[in-house]
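Annotated features in TrEMBL:
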type	residues	note
COMPBIAS	117-132	compositional bias 'Polar residues'
DOMAIN	1-237	domain 'Band 3 cytoplasmic'
DOMAIN	291-837	domain 'Bicarbonate transporter-like transmembrane'
REGION	105-135	region 'Disordered'
REGION	233-286	region 'Disordered'
TRANSMEM	322-342	transmembrane segment
TRANSMEM	354-383	transmembrane segment
TRANSMEM	403-421	transmembrane segment
TRANSMEM	433-451	transmembrane segment
TRANSMEM	549-571	transmembrane segment
TRANSMEM	583-605	transmembrane segment
TRANSMEM	634-654	transmembrane segment
TRANSMEM	675-699	transmembrane segment
TRANSMEM	735-754	transmembrane segment
TRANSMEM	761-779	transmembrane segment
TRANSMEM	813-836	transmembrane segment
Amino acid sequence: RWIKFEEKVEDGGERWSAPHVPALPLQSLFQLRTCLQKGTMLLDLDATSFKEIIDKALSEQPEEAELQPALRERLAALLLLQPQHQPTKSLLQLLAELGLSPCRGRNPGYPTRHPPNASSPGQSEPRTQVSKTPLKEQLRNRFKKKVPLGAEAAHVAVGEVEFLEKPFTAFIRLRHGVSLGSLAEISLPSRFLFILLGPPRVKAYHEVGRAMATLLTDELFQRVARQAEHREDLMAGARIPPPSHLPAPRRRTAVDPLDQQHQGNGDMTAAGDRASPGHPRSGGELERTGRLFGGLLRDIRRKAPWYGSDFSDALHPQCFSAVLYIYLATVTNAITFGGMLGDATANMQGVLESFLGTAFAGFIFCLFSGQPLTILSSTGPVLVFERLLFSFSQDHSLDYLEFRLWIGLWVAFFGVVLVATEASHLVGHFTRFTEEGFCALISLIFIYDSLKKMLSLADAFPINWHYRLDNVTSYSCTCNLRRLFNPILACLTTLQCPSLPCIVSMCDLSSPPTLSLQPPANPAGLSRTQCLDQGGHLLGTSCQYVPDVTLVSFLLFGGTFLFCTALKCFRSSRYFPVGVRKLVSDFAVVLAILASCTVDALLGLETPKLLVPSELKPTNPARGWVIFPFGANPWWVCLLSAVPAVLVTILIFMDQQITAVILNRREYKLQKGAGFHLDLLCVSLLMVVTSVTGLPWYVSATVISLAHMDSLRKESATSAPGEHPEFLGIREQRLTGLAVFILMGVSVFMAPVLKHIPMPVLYGVFLHMGVTALNSIQLTDRVRLLLMPAKHQPDLAYLRHVPLRRVHLFTTIQLLCLALLWLLKSTVAAIIFPVMV
């Protein structure tokens with residue numbers, strides 16, 4: 001049988017062989033051309049049953065090959081016998097047969113994929129004729145899962161017949177695809193049939209049949225066979241020499257010479273990135289209308305018909321795994337940025353504000369945005385601006401939150417103006433150079449921050465480099481409470497001095513304590529926490545000893561990353577059925593987190609855990625939940641705020657739109673269109689709410705959004721044996737994002753559960769997200785080409801059109817610009833980072 005590749009029944013007739021590319025002897029192709037030239041050929045035959053086809057083929061033979069009536073009847077009876085197919089059995093069926101084989105005796109073995117040899121009509125079992133309706137075995141055949149939708153069956157019947165003196169050949173093409181009952185292995189409509197029966201010749205007919213079946217799997221020959229009007233047309237399609245004129249390769253129209261998408265990393269396989277210069281998708285999302293809010297209205301009209309399906313399309317188990325994955329990533333990100341914001345703003349914005357702001361802004365954005373797969377988050381440039389703004393407010397005695405409120409209002413106003421004037425059409429000038437530089441930088445930041453967080457554990461839980469097991473007898477640690485008693489003794493002694501009024505202020509005589517002049521008899525019975533709470537201090541050589549928390553944390557960190565990567569690749573492994581592999585791959589990150597948390601719980605070490613706020617109150621008690629625009633600062637601050645608001649507007653616009661361009665690339669095969677203007681409007685209006693409530697500002701998070709889309713990849717449920725499933729697109733819906741941010745909002749009440757998740761596990765997830773996003777861009781493949789000899793380079797599309805030295809030059813310039821952006825990000829000038837992009 002053939003579905004793109006050839007499969008044979010192995011010796012013994014128990015199973016199909018591995019799919020392989022068929023190799024044909026040249027002689028079989030010449031013999032096939034002879035058969036097509038001299039045999040019966042029926043094109044566009046109107047028939048509804050296999051018997052009708054056989055009768056027509058036998059009655060319209062060429063005069064020189066016409067058979068006698070008796071031979072025709074005998075041949076028709078032979079062809080109408082029910083063929084015996086090799087069944088495709090599950091593992092459970094094979095195990096059951098293996099267990100029952102001693103009782104049943106040795107199986108005689110199954111016949112090959114061809115009909116039984118026609119020269120042996122006398123068999124031990126009576127043979128029935130082909131049924132007009134499909135058999136139960138056909139309907140239950142598991143092989144049907146491998147056949148793509150809309151496929152048709154072609155039948156090739158070859159064999160040796162002793163009563164024939166010369167070969168009988170027939171090629172039939174039906175006008176319409178017709179189900180031929182029980183003829184095929186599974187029930188499919190059939191259009192092409194090829195029959196070759198003749199006197200015994202050693203394997204000649206078998207090879208001719210293989211040649212015919214192999215040709216029918218070729219797309220070019222299929223097109224010729226469907227459109228052929230005469231015998232000569234069909235024979236021309238089977239010619240061996242290549243055509244004299246080949247179609248010219250499609251010329252790219254994009255400005256970027258490397259703008260054609262690669263097919264090397266296996267994450268997103270597509271042929272091109274854009275249909276025209278700068279357009280992330282075809283469909284006119286970025287074309288100007290020339291009217292105020294014209295682009296916004298067009299976005300709304302484009303997305304409105306899909307709004308209902310944005311919820312119904314989420315009813316899939318894959319969405320559940322995506323919710324858990326992105327929720328944990330968003331929680332970790334909120335805690336990280338919330339802690340840094342608290343340090344930069346004296347807790348005017350902290351972890352709780354970060355949680356509430358992420359939940360509210362993300363929920364509203366997923367509900368009304370044009371691209372609901374986008375995940376909002378705080379970003380590095382926004383954090384730098386917040387730090388500079390707080391320092392400026394402290395230096396000039398201004399109220400930070402009120403000053404920030406007016407900046408946010410101005411940014412929202414400027415954002416609405418950009419939406420009204422359709423400024424998002426400038427996104428059309430972003431090329432792959434810009435997109436890949438931005439995505440690579442954000443991915444490297446994720447990788448760097450995860451490693452930096454892990455290395456900082458060595459400060460909180462120092463590694464005991466000087467600990468020696470042989471010196472364990474000399475290690476001790478005791479609690480010293482003498483610092484607590486010395487001031488009391490001094491106070492009681494000075495009561496006898498003449499200057500009593502001066503001493504009374506130091507000692508509380510209203511309730512004189514009953515104290516012994518000696519410390520407690522058993523200070524060693526106190527724990528470390530009790531000792532420090534009572535004002536004591538620790539003495540000894542082992543007081544600073546900490547169990548190997550850092551080592552275990554690094555093991556959890558690396559183990560989570562490797563486990564995520566391995567389970568993601570499990571989809572293409574050879575173990576277990578396809579459904580199990582796909583389920584494990586979809587829940588890869590969740591399974592990795594559960595496994596790492598289980599290992600941590602079994603070890604019982606006090607590794608750093610996820611700390612979630614448990615009370616709904618501002619991090620800084622000096623502020624409230626609503627920021628008033630007047631009262632704390634001079635009136636002219638509201639006008640002065642427009643100056644820094646321009647810089648923030650540029651920052652928000654670039655950060656938001658570059659991420660939107662990356663998420664709406666053609667390679668993701670999105671079907672519901674983009675919404676650049678609508679997304680920018682949502683972000684601008686959210687600036688008003690977050691500024692009034694003193695919550696952080698949010699824009700699209702590149703890496704988390706890419707991880708969200710990667711967790712919602714759709715692949716074909718059916719694929720030819722030996723072929724990888726085809727990437728079909730992304731499961732576009734709103735429910736996963738909404739569920740993620742609802743969980744963010746209730747995380748305050750889930751603190752007792754979340755506190756069992758170790759932070760190194762979440763840092764491992766961060767590392768996995770950064771590496772996955774980095775591998776999804778073409779830049780990574782071109783960096784590998786720098787280190788790869790030409791003979792080992794993959795067959796990438798752009799290498800066929802662009803000289804290799806130009807590719808290396810392009811990559812080198814891109815890497816230099818990436819290094820410049822990294823240096824800029826590491827300085828105080830990081831606030832202008834989006835402008836430099």
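Heads up, the Cβ atoms here are built off N, Cα and C, so glycines get one too.
Outside the transmembrane segment (549-571), and at least 6 residues removed from its termini, the chain residues within Cβ reach (under 8 Å) are 450, 454, 457-458, 461-463, 581-582, 584-585, 587-589, 591-593, 595-596, 599-600, 603, 605-608, 758-761, 763-765, 767-768, 771-772. Below 8 A, the CB atoms of the transmembrane segment (761-779) and the transmembrane segment (403-421) form no more than two pairs separated by six or more positions in the chain, fewer than 3 in all. In this chain, the transmembrane segment (583-605) lies in contact with the transmembrane segment (322-342); the count of Cβ pairs under 8 Å, excluding pairs fewer than 6 apart in sequence, is at least 3. No contact links the transmembrane segment (354-383) to the transmembrane segment (583-605), because fewer than 3 Cβ pairs that are 6 or more residues apart lie under 8 A. Note: the stretches the transmembrane segment (675-699) and the transmembrane segment (403-421) are in contact (3+ CB pairs below 8 A, sequence gap of 6 or more). Cβ atoms under 8 Å from those of the transmembrane segment (403-421) belong to residues 292-293, 295-296, 386, 389, 393, 627, 629, 633, 637-638, 641-642, 644-646, 648-649, 652-653, 677, 680-681, 683-685, 687-688, 690-692, 694, 697 of the same chain, restricted to positions at least 6 beyond its ends.
Beyond the transmembrane segment (735-754), the same-chain residues lying 6 or more positions past its ends with a Cβ under 8 Å from any Cβ of the stretch are 310-311, 314, 319, 322-323, 326-327, 330-331, 334, 352, 355-356, 358-360, 362-363, 365-367, 372-375, 610, 612-616, 708, 712. Within the same chain, residues 256, 336, 380, 557, 658-659, 661-662, 665, 702-703, 706, 763-764, 766-767, 769-771, 773-774, 776-780, 814, 817-818, 821-822, 825, 837 sit at least 6 positions outside the transmembrane segment (433-451) and bring their C-beta atoms closer than 8 Å to a C-beta of that stretch.
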